[in-house]
Amino acid sequence: MDLKHTLRDLCMNPRHTRWVAPLLILGDAVLCALIIWKVPYTEIDWTTYMQQISLYISGERDYTLIKGSTGPLVYPAAHVYIFNILYHLTDEGRDIFLGQILFAILYLATLTVAMTCYRQAGAPPYLLVPLVLSKRLHSVFMLRLFNDGFAAYAMWVSILLFMNKKWTAGAIVWSTGVGIKMTLLLLAPAIAVVLVLSLSLGPSMQLGFLAVLIQVLFGIPFLQNNPAGYVSRAFELTRQFMFKWTVNWRFVGEELFLSRKFSLALLALHILLLGLFVATVWLKPSGSDLPSFLQRLIQRRYRTASLSKSFIMTAMLSSLAIGLLCARSLHYQFFAYLACATPFLLWQAGFHPILVYVVWVAQEWAWNTYPSTNASSLVVILSLAAQVFGVLGNSFSRKHLDQSSQKEHLQ
């Protein structure tokens, strides 16, 4: 009986995360070394990154003319600056082994920040175990060397900064992440709500302007040459994705997948879900409904709210999950953003620990199925839906976010 109680306490008591997390990270570091040693590297985009950087170093500043063997440069300027550094560190991209080591360090840094967020949000230790067991996540970082690793790191650092009320630093890091890959724009709705709740409208708009200014500063070398070309390539919102590479909507069939009606339906669903979350989940700390909140905000009668760390983390990760659920096409590297978010969102959905692990295993299987199938893509959608609608439904049933806040004060 004592053993059962001890094991339960070890798994459920947030106080244990302070020592469980370092042990898991240490074990994962060993696993990373084994993966680099034993599992062959797979070339996908690394060579293209290096070819594009070579053109940049040679003086090319027209984004439309920077290309590689697998296509044109389609990422914002911060991506160029980061991989310019990697280009020089890895002997123009030829030292793949060193590149893998650098990405392993990046992976462990991302994992460390994510676990810190979990601990500060009062999450139980059993949620940390899935964070170190994702085959696809290890692959994205160490075997594929995708730029998503840097964007995911920026995402988690910004979440941690926002959780600790470091608003300006959080906005800077988040905008830097957007400058690596546009995926981080999916967090923008939640960030806007969190900032307005915490700072009111004026200061929030100033931080929004700062985030935009950072993008302009990153892009200056390219904006001076061909501004339209830079914006259209780096921030292209109408890009068409090939059906054969999709991870999420394969089960709907190629004809529907490529149709404009399907694209518009997903956009409408995205807007609807964001509206529901704003009205029912994200505005809860304000103590008022959406019309009253907007009225007080416009009339400058709104009193700022003190947001719990768990609330901020839940808002930002649920905004991410909503965007991924409604995305027309997800590729395997998008798992860099989702992998560490899923256990926390399932917990905030109020799911039993066993169900948390069941959904996590199903999602992991789906994202490791290559090429994707009708079944695996359906599971991708269902697992994302479980996270989104789980958090939404739990906000109606009980004050789970408030309970999480209370746990923080007990730590």
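Numbering starts at 1 and runs along the chain as displayed.
Yeah, the Cβs are placed from backbone N, Cα and C, and that goes for glycine too.
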So, Q51 and T176, same side of the membrane or not, per Swiss-Prot?
no
What residues in the same chain, six or more past the boundaries of the topological domain 'Cytoplasmic' (40-69), come closer than 8 Å to it by Cβ-Cβ distance?
80, 83-84, 86-87, 92-93, 96, 99-100, 139, 143-147, 221-222, 224-226, 229-230, 232-234
Counting by DSSP, what is the helix, strand and coil composition of the topological domain 'Cytoplasmic' (117-139)?
16 helix, 0 strand, 7 coil
For the transmembrane segment (307-327): best-contacting stretch of 96-116, 182-202, 341-361, 376-396, by Cβ pairs under 8 Å:
182-202
Is the transmembrane segment (70-90) close to the transmembrane segment (203-223), in the sense of at least 3 CB pairs under 8 angstroms with a sequence gap of 6 or more?
yes
When you look at the transmembrane segment (70-90) alongside the transmembrane segment (140-160), do they share 3+ Cβ pairs under 8 Å, ignoring any pair fewer than 6 residues apart in sequence?
yes
For the transmembrane segment (262-282) and the transmembrane segment (70-90), does the number of C-beta pairs under 8 Å, pairs 6 or more apart in sequence, reach 3 or more?
no
Per the Cβ filter (under 8 Å) with a sequence gap of at least 6 from its ends, the topological domain 'Cytoplasmic' (117-139) is approached by 10-14, 16-18, 20-21, 24-25, 27-28, 31-32, 35, 42, 107, 111, 156, 159-160, 163-164, 309-310, 313-314, 332, 335-336, 339-340, 342-344, 347, 353, 356-357, 360, 364, 367-368, 404-405, 407-408, 410-411
